[in-house]
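Asks: Dropping the structure in here first, questions after.
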Amino acid sequence: MAKNRHLFTSESVSDGHPDKIADQISDAILDAIISKDPDARVACETTVTTGLVLVAGEITTSVYVDIPKIVRDTIKEIGYTRAKYGFDAETCAVLTAIDEQSPDIAQGVDEALESRSGNEIDAAIEAIGAGDQGLMFGFATDETEELMPLPIFLAHGLARKLTELRKTNKLDYLRPDAKTQVTVEYDEFNQPVRIDTIVVSTQHHPDITQEQIAKDLHTYLFPEVIDASFLDEDTKYFINPTGRFVIGGPLGDAGLTGRKIIVDTYGGYARHGGGAFSGKDPTKVDRSGAYAARYVAKNIVAAGLAKKVEVQVAYAIGVARPVSISIDTYGTSDYSEQELIDGVNALFDLRPAGIIHMLDLRRPIYRQTAAFGHFGRSDLDLPWERTDKAEALKKLIVK
């Protein structure tokens, strides 16, 4: 590797990975509830293991949803439909342990501190307080058209295409569980110049050879996802490097909601506040705050105000207004942090109810985000991925 160059690696997983099964079940339940009761409070956690699904959490709603049916339908859609996979949508046990949201939390969400103390500026927006304290990050970079870091973008692309090859029976020996990883080489100007390493581990039928899998992935997977200009004779490929991946899914490893937070976001390229997304209604700022921060970051880069930016927003439980907002452009902007923050505050309402209204979050849009990343999804119409405020933001800041 040339002097002053460096490597960065990100990973993704398929929709059949145990942790992603759990995420998708949690979000499928959330969608089912919020489609009937947009104001429901949902904090839904799922655990999957051999032959068993446990759904637990706190849900406050006036509607009924058939949780076992949602669980089985989700597992079936993912592709676990045979007992020999060690996990079958029809025969697995489904247990539920659901309580209501704590009234101590509810009182701070239902009526924010600003409203309770008489300091509200906008009564309708400040009536809702943050569902928890915490810090969230949003990130954007001009490395890709989607304004995402290249390593995670390619890792997601490989995982998504691999799933397509399985579900369309193009490669009918593939099974649902899989992981991908991409290492990108950056030059001295921090621009991606080549792919150094690709790792793919995919569950498969026991009778297929590793040589056939490797041949097929080089034919049907890599050329469909990765621009040939990034590949060279020194690019390394590791395909099922253990030599066998027959036992997978919940039979191989237990899965849990919220255990793939780096896969869900920026692949480690940006910081993470620690809060997971799936199974949480939009009053939970772990989710809505991170979506809003991405929305802000993406519009800053789309406006040409920075080449790369990380936005942090933080909240106190039961308080509507963020306790802090910070913006780091890594030296790629001609404008000060305060100039950018002033522009953001003028255009983006980062109070929980403001975010919910701005991004129209009381809708069943979450199940689709629970695999292959929440950001940079050009295959989906996600409100936090829009750059509709870029021009207005530019006019506010550029004098």
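Each residue, glycine too, has its Cβ placed from N, Cα and C.
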Asks: Of the ranges 101-111, 167-177, 332-342, which one does Swiss-Prot flag as region 'Flexible loop'?
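Replies: Checked against Swiss-Prot: region 'Flexible loop' maps to 101-111.
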Asks: Please classify the secondary structure at D19 (Mg(2+) binding site) using three-state DSSP.
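Replies: Its secondary structure by DSSP: helix.
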Asks: Would you mind reading off the Cα separation of R244 (ATP binding site) from K284 (L-methionine binding site), to the nearest angstrom?
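Replies: If we compare the Cα positions of R244 (ATP binding site) and K284 (L-methionine binding site), the gap is 41 Å.
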Asks: What is the nearest of the binding-site residues D19, E45, E58, K284 to A178 (ATP binding site), using the Cα of each?
Replies: D19
Asks: Out of E45, E58, K284, point to the one nearest H17 (ATP binding site) in space (Cα versus Cα); all of them are binding-site residues in the record.
Replies: E45
Asks: Between E45 (K(+) binding site) and E58 (L-methionine binding site), how far is it from one CA atom to the other, in Å?
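Replies: On Cα coordinates alone, these residues lie 9 Å apart.
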Asks: Using C-alpha atoms, which one of the binding-site residues D19, E58, K284 comes nearest to K260 (ATP binding site)?
Replies: D19
